[in-house]
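Q: Mind looking over this structure? Questions follow.
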């Protein structure tokens with residue numbers, strides 16, 4: 001019974017806000033449009049970090065073991081073999097598919113290239129040689145040799161990053177309802193920036209994975225808080241437009257990302273480039289007017305005095321006729 005009354009009151013408040021309060025504050029006026037524009041920039045920053053994961057986990061088209069001279073007899077090293085012959089005699093062959101990327105072999109006594117000499121296989125001992133990754137010279141895979149036996153760490157990273165993203169949606173979305181849109185956004189943008197910088201300094205694959213998981217969670221908080229704010233500052237007829245325009249900002253980040261990767265060359269530089277927009281968004285801390293608290297949230301959570309001041313500010317900035325008695329605090333939720 002109590003929940004039914006609560007839902008009824010919430011619906012009545014929403015109807016009153018749309019029909020009475022929002023139009024008197026200027027509706028989707030000049031100031032609302034300015035705030036909505038500033039709410040699009042976080043979408044660009046979030047998608048830049050989100051889609052950069054594609055370049056971090058991209059497996060090179062070709063890779064093979066580095067030949068290990070210590071595995072070879074001294075007579076082999078003194079022989080005058082061509083580079084291709086050298087590879088043929090040191091790298092294992094997969095069944096009809098060329099050189100094996102995960103094994104090498106060494107011969108106890110090499111006298112010709114006939115391939116009839118008994119051979120022993122061994123795992124790569126000195127690392128791998130990689131072809132250039134698309135857009136980058138190194139990434140998460142080539143930095144820590146996540147191929148062959150360690151290949152499983154690549155899908156694990158992708159799963160962890162998306163788990164962080166989903167968890168961030170659930171918990172930080174709820175946090176925005178508890179703390180407010182502005183404070184939820186500032187908390188998320190601060191921590192996602194810190195984790196973005198920390199990713200650049202990762203010392204191992206495990207550290208990289210954990211930091212990206214945490215950053216993914218707070219990136220979701222940045223996205224959901226800015227998305228909710230722009231919808232709450234728009235009237236129903238403009239909400240689809242502002243939501244779709246925000247999507248275009250995300251698409252533009254995706255289109256620009258390959259160019260950033262080519263210019264960056266190495267994954268830490270690309271991560272720094274992707275984190276830079278997040279750091280610039282920290283300026284919203286000292287510019288409350290470009291990302292204010294939502295008046296709708298203030299009313300829904302019974303912050304009457306703050307809601308009154310917020311609505312008066314929106315009224316003034318939207319250029320609507322302003323009267324102090326327009327929003328008496330004691331009558332807002334009557």
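Just so you know, glycine gets a Cβ as well, placed from its N, Cα and C.
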Q: With TrEMBL as the source, identify the stretch among 116-134, 135-153, 154-172 annotated transmembrane segment.
A: 154-172
Q: Ranges 79-99, 184-204: which does TrEMBL label transmembrane segment?
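A: Checked against TrEMBL: transmembrane segment maps to 184-204.
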Q: If you look at how TrEMBL annotates this chain, which of 269-291, 292-314 comes out as transmembrane segment?
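A: From TrEMBL, the annotated transmembrane segment range turns out to be 269-291.
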Q: Taking the transmembrane segment (184-204) as the reference, which of 34-59, 154-172, 241-263, 269-291 gives the largest number of Cβ pairs under 8 angstroms?
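A: It is 269-291 that shares the most Cβ pairs under 8 Å with the transmembrane segment (184-204).
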